[in-house]
Amino acid sequence: MEYRNTSSILTRIQNLENNVDDFFLISNGITVSFMQAGFACLEAGCVNSKNVTNIIMKNVLDTFLCAIGYWLIGYSLAYSPGNAFMGYSHWAGFGVEDSSMAFWFYQFIFAATAATIISGAVAERCNFIAYIVYSSVVSGFVYPIVSHWVWAEDGWLNKLGFVDFAGSSAVHLLAGVCSLVAAILLGPRIGRFENGKVVDKPGHSIPLIGIGGLILISGFMAFNCGSLHQISKPKSGEITARIIINTVMGGGGASIIILILCKTGLIGVSKWTFTTTLNATITGMVSVAAGANQLTTIGALLTGMCACFVYLLIRQTLIYFEIDDPLESVAVHLGGGLFGVISVSFFTRSGFMYGGRKKAADILFYNFIGAIAIIAWSGALSIILFGALKLTGYLRVSETVELEGLDITEHNEPAYPAQGWHRSPSLVSNYNINTAHLNQPTEILSRKSQDSSTVDISSDEFKNYKS
């Protein structure tokens, strides 16, 4: 009887630990899923106001399209029993036990994140059909294969000794390479480069960019710490705290460097540039993901500082070759991800910085091989995927559609409809201020709405105002 009671207690403790671990994964997964809102706001703010609906819709659909693709084949390729290259069972969820559902959910969110990163590089000119295709393929096939290599017990990179704790390579490097290929094959936005000169095309809303950035900063903390996958083992809480602190320190290191470079005029004009600072900060947080559980605090800070220079180098290289990346997805994620997997051999407790020469050299070698393999895999499949879309005419919208804006031509739903600008002329006239330059759309709309007719926002009069 005593034995049975002891056994029952142990079983209940084990069940409690499993529930706590599942809740840890689920709660972090939900937090990471909110990064879709962050990417949506960031991308929407970085594009012209005529393309905001298109951006928001793509980010909304990312979650659900990726869920279907990951359910059908993605999880099977990534984590079902198989060989060193991929898994090959549990298709469409068959055979996946309930005890694995929390893990399934968390990994699906990673797949959706990899897919949504690409949309920033193709913003304002990508065909919606192309988006549906690449989002499904990347989340359902391209990413799962790499995640099997890196994290599955029988994955060849995992067996080799490759180190990537939270996806610097498997998520960010992969998405950055896909973004680069997509941006090259798509070509730049109309008017981005003219006669060898760079034409600035600023986004329409800094506040939206800021809100999106703040959401992403919080999301990256959950993104990295959730990769521990459990919280019930001894010292798991301490490791989780270290991961979060290292994530913040990585962003902090990058922000210090970029602020100095911006204000001293070493990059551009001598101003505190917000968008550049935000992107550099995100790059720093991306770079520490690979070793977030092993980096020392100073190591995370130095990783972020160095990643900032990588970000700037890649950004300028893209501009030099006239590759248009509206959100700098390539510089942020390819740059941060690549440097992240390399930095593990330098700034962790067993790295070169702390005298661990033999182990650090092994990690550097294995991670270099892994990075090359991931670049080759994601690059080759991206060339096939986006190349096929280009050859069939489904990759890029027409020049007319691009100039008119995707909100009207693709969705017939402007983010900022002209009718929403209407204000009462009598109310405006009560204020003794000069608002002539602001009230032109009101005057146009008021005159055209007196007979209850529909306002034609494509009219020459309205176009002249917008220009």
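Cβ atoms are placed via backbone N, Cα and C, with glycine included.
Small disclaimer: the values here were computed from a predicted structure and weren't measured.
Annotated features, as they stand in TrEMBL:
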DOMAIN    25-416  domain 'Ammonium transporter AmtB-like'
TRANSMEM  60-81  transmembrane segment
TRANSMEM  101-121  transmembrane segment
TRANSMEM  128-146  transmembrane segment
TRANSMEM  166-186  transmembrane segment
TRANSMEM  206-223  transmembrane segment
TRANSMEM  243-262  transmembrane segment
TRANSMEM  298-318  transmembrane segment
TRANSMEM  330-352  transmembrane segment
TRANSMEM  364-389  transmembrane segment
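Sequence-distant contacts of the transmembrane segment (128-146) (same chain, six or more residues past either end, CB-CB distance under 8 Å): 54, 58, 61-62, 65-66, 68-70, 72-78, 85-86, 110-112, 114-116, 118-119, 122, 169-171, 174-175, 178, 182, 374, 377-378, 381-382, 385-386, 389, 394-396, 406, 410. Within its own chain, the transmembrane segment (60-81) is flanked in space by residues 33, 36, 40, 87-93, 95-96, 100, 103-104, 107-108, 111-112, 115-116, 119, 132, 135-137, 139-141, 143-145, 147-148, 151-152, 154, which lie at least six positions past its ends and keep a Cβ under 8 Å from the stretch.
Only sequence-distant pairs (6 or more apart) were considered; of these, at least three Cβ pairs between the transmembrane segment (330-352) and the transmembrane segment (166-186) are under 8 A, so the stretches are in contact.
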